[in-house]
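In TrEMBL this protein carries:
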- 21-152: domain 'dUTPase-like' (DOMAIN)
- ARG73, SER74, GLY75, ASN86, THR90, VAL91, ASP92: substrate binding site (BINDING)
Amino acid sequence: MTMNEQTVQIGVRRLENGLDAELPSYSSAGAAGADLRASLDGPLELAPGERALVPTGLAVELPDGFEMQIRPRSGLAVRHGVTVLNSPGTVDSDYRGEVKVLLVNLGEEPVAIEPGDRIAQAVIAPVTRAVFTLAETLSDTTRGTGGFGSTGRR
Ligand SMILES: O=c1ccn([C@H]2C[C@H](O)[C@@H](COP(=O)(O)OP(=O)(O)OP(=O)(O)O)O2)c(=O)[nH]1
Ligand SMILES: [Mg+2]
């Protein structure tokens, strides 16, 4: 472990539909995301354009001040056009339900998700919460109200 590496401990519960489910796991020494696996009884076929909320069989207890982001795996995306529809999915620290992955098949062929397939990756990130306060005016800037490609125009 290097000096800057931080870890947090996250309790994971196996649910009834995930009694053999593997815990999320990092596939390399420096991986940012821990792979999440499909907890399924059999293959799940995703037709082109179809989406499915795929169970992981797991529930987690995130520490206060952290979230779990559910992100796509690039391999699935480049090979099959399968991605996470609501990417990055947000798992709140007070959520105790099953972690699920909303996959969508944006490819042109049906794709079969097999039990135990690594379908997404979970990145644990610190959360900054805001105190939103009503303001009459906002400070001036060079950008001002320009956005949505404004800096690319001449
Ligand atoms: O990809 C996801 C996204 C969400 N969730 C779970 C955990 C999260 O804490 C909860 C709510 O998610 P979100 O806030 O994105 O959904 P919402 O539509 O705002 O529902 P809610 O009203 O329950 O917050 O659903 C997942 O398991 N996977
Ligand atoms: Mg919400």
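Just so you know, glycine gets a Cβ as well, placed from its N, Cα and C.
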| message | I want to verify one value. Collapsing DSSP to three states, which class is THR90 (substrate binding site)? | response | strand
| query | Under a criterion of Cβ-Cβ distance under 8 Å and sequence separation of at least 6, what residues of the same chain contact ASN86 (substrate binding site)? | reply | ILE70, LEU102
| Max Cα distance spanning ARG73, SER74, GLY75, ASN86, THR90, VAL91, ASP92 (substrate binders), Å? | 26
| By the DSSP assignment reduced to helix, strand and coil, which category contains GLY75 (substrate binding site)? | helix
| task | Could you tell me which of the binding-site residues ARG73, SER74, GLY75, ASP92 have their C-beta within a distance under 6 angstroms of some atom of ligand 1? | result | ASP92
| task | Taking the Cβ of THR90 (substrate binding site) as the centre, count every other Cβ atom within 10 Å, in any protein chain shown. | result | 12
| Around GLY75 (substrate binding site), which residues of its chain at least 6 apart sit with Cβ under 8 Å of its Cβ? | none
| request: Mind checking which of ARG73, SER74 has the fewest other CB atoms within 10 A of its CB? They're the binding-site residues. | output: SER74
| request: Count the other Cβ atoms sitting within 10 Å of the Cβ of VAL91 (substrate binding site), across every protein chain shown. | output: 20
| said: Are there any residues at least 6 positions away along the chain from ASP92 (substrate binding site) with a Cβ closer than 8 Å to its Cβ? List them or say none. | reply: LEU62, GLU67
